[in-house]
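K.L.:
My questions all concern the structure below.
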């Protein structure tokens, strides 16, 4: 048997941190910040979403996000993979782990599809009309575009956010520091100071984020030595 070390990259600390940006499609059917589905995100909704994300990042439940959470998550993932508890992950356990992960992904996809169908079957007929199907396809296209805009550099962006949140520079993000970051980002997105983030403000924030990512890519390309 071969021992499997489940390394957890530092990007795991950014789990959800980049998601503090309030994408337009993140309504209740997607478990997003707009929990009441009214098209606007309040600070209370943003904090509730952030609460869940902090809990996921704080793997050892000590109230701070730091390097020890990487070790805790690594140990937890190894324990889940090591089904017989013998301290090693066999080939069979690796296969079972992979198949279990694939099954969970398939289940989540099916659940998302069912929620989307229910959302766009506006007349509850049990089928989608041409107009309803077109609306669903348009929404899915926007969803894919938003995911692509957040992808790639998402982990790095999230880590940068966490680094900025570490106000005292002790290498750990306390709950107070995390909450301050959430409030600061909310205020930055709430450009009209209304106390809510509208769909237009979310779209503007997403566009600004995309432009920032493109600028970083361009800078990295310029910095690469020419062949």
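Here the Cβ of each residue, glycine as well, is placed from N, Cα and C on the backbone.
All annotation found in TrEMBL is predicted automatically rather than curated by experts.
Feature table excerpt (TrEMBL):
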COMPBIAS  137-146  compositional bias 'Basic and acidic residues'
COMPBIAS  148-158  compositional bias 'Gly residues'
COMPBIAS  212-227  compositional bias 'Basic and acidic residues'
DOMAIN    69-104  domain 'EF-hand'
DOMAIN    108-143  domain 'EF-hand'
DOMAIN    177-212  domain 'EF-hand'
REGION    137-159  region 'Disordered'
REGION    191-227  region 'Disordered'
SIGNAL    1-23  signal peptide
K.L.:
Using DSSP, tally how many residues of the compositional bias 'Basic and acidic residues' (212-227) sit in helix, strand and coil.
P.N.:
12 helix, 0 strand, 4 coil
K.L.:
On the 0 to 100 scale, where does the mean pLDDT of the domain 'EF-hand' (108-143) fall?
P.N.:
83
